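*Asks:* Got a structure for you, written out below as structure tokens; questions coming shortly.
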Amino acid sequence: MAAPAPAPAPAATHLQPPFLLLPSPPRPHPPLRLRFLLPSPPPLRLRRRFPLLAAAAVSAGGGGGEEAARKADKARQLQKRVLVGVAIGVGAGGIVIAGGWVFAAAVSAAVLAGSREYFELVRSTAGGGGTPPPRYVSRVCSAICALMPILTLYYGRMDVTVTFSAFVIAISLLLQRGNPRFAQLTSSVFGLFYCGYLPSFWVKLRSGLAAPALNTRIAYNWPILLGGQAHWTVGLVATLVAISSIIAADTSAFLCGRAFGRTPLTNISPKKTLEGALAGLAGCVLTTVLLSTVLSWPRSLLRCDL
């Protein structure tokens with residue numbers, strides 16, 4: 001019996017070796033670039049909160065990313081401070097021009113915040129041997145300080161309020177349990193005087209000097225619905241110039257201190273510099289001279305035409 005014929009050979013394929021169906025090696029994925037996912041450079045607050053994220057961003061962007069991020073963060077802070085200063089200046093100017101109970105209420109709110117901060121400062125420094133007043137005394141003093149600008153607006157006097165308040169606080173400290181300390185009485189009375197009595201003079205200056213500022217050119221074009229020419233008084237001009245000079249001094253000192261500050265001013269506040277203090281003084285003087293010229297404020301007592 002004849003042997004079976006061999007199986008036919010498979011047809012030769014025309015595919016060359018590069019086109020054989022072989023599993024291709026896995027392609028490596030590109031490394032994750034955090035600089036495409038985050039702002040370049042990442043904000044400083046994010047880098048402080050997420051250290052690993054900051055390290056990955058710096059490794060992806062190079063060694064100079066940290067310095068660039070620091071500069072960008074300083075620029076953001078500077079821009080924010082300037083915008084806040086402008087907003088505060090515009091708001092304070094509107095409150096001063098409004099006058100009346102609006103100005104008194106704003107001063108009262110500022111006095112309340114300042115008095116609370118003062119008594120918290122007294123309490124925080126009590127570890128050096130001093131004895132802070134009780135908390136109820138601090139709260140009563142803060143409330144009395146907040147009421148002083150309102151009482152000044154409607155009654156025009158503050159001496160009776162301060163004297164009576166100091167007497168009540170002294171009696172309450174003497175009647176408390178334990179031996180009262182003299183430091184408690186002095187810190188409380190000084191808080192009444194410094195945080196309540198002195199700021200009330202802003203209300204007395206704004207509302208007390210009701211003589212019209214006849215030389216102020218802006219008063220002639222002031223709308224009748226907003227009070228007309230009689231709204232611009234000597235107290236309004238004086239308060240507006242004073243508050244504007246304070247804002248200008250603070251803003252100038254901050255901007256120039258951040259840009260050119262090199263010489264420390266005092267150990268109490270290490271960030272304060274001599275260059276910033278001089279810039280604040282210059283900004284205060286320039287603002288006062290400019291506003292006194294615009295508002296026709298007399299520059300000499302011998303030429304007072306108001």
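Placed from the backbone N, Cα and C atoms, the Cβ positions cover glycine too.
Grabbed the feature section from TrEMBL, which reads as follows:
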type	residues	note
TRANSMEM	82-113	transmembrane segment
TRANSMEM	154-175	transmembrane segment
TRANSMEM	182-202	transmembrane segment
TRANSMEM	232-256	transmembrane segment
TRANSMEM	277-297	transmembrane segment
*Asks:* With Cβ distances under 8 Å as the criterion, find the stretch in 154-175, 182-202, 232-256, 277-297 that has the most pairs with the transmembrane segment (82-113).
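*Replies:* Checked against 154-175, 182-202, 232-256, 277-297; highest Cβ contact count belongs to 232-256.
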*Asks:* What parts of the chain pack near the transmembrane segment (182-202), using Cβ distances under 8 Å and only residues at least 6 beyond its ends?
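*Replies:* Result: 103, 107, 110-111, 114-115, 118-119, 122, 130-134, 137-138, 141-142, 144-146, 148-149, 151-152, 158, 162, 165-166, 169-170, 173, 239.
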*Asks:* Residues of the same chain, at least six outside the transmembrane segment (277-297), with any C-beta under 8 angstroms of its C-beta?
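*Replies:* Apart from its flanks, the transmembrane segment (277-297) reaches 213, 215-218, 237-238, 240-241, 244-246, 248-253, 255-257, 260, 265.
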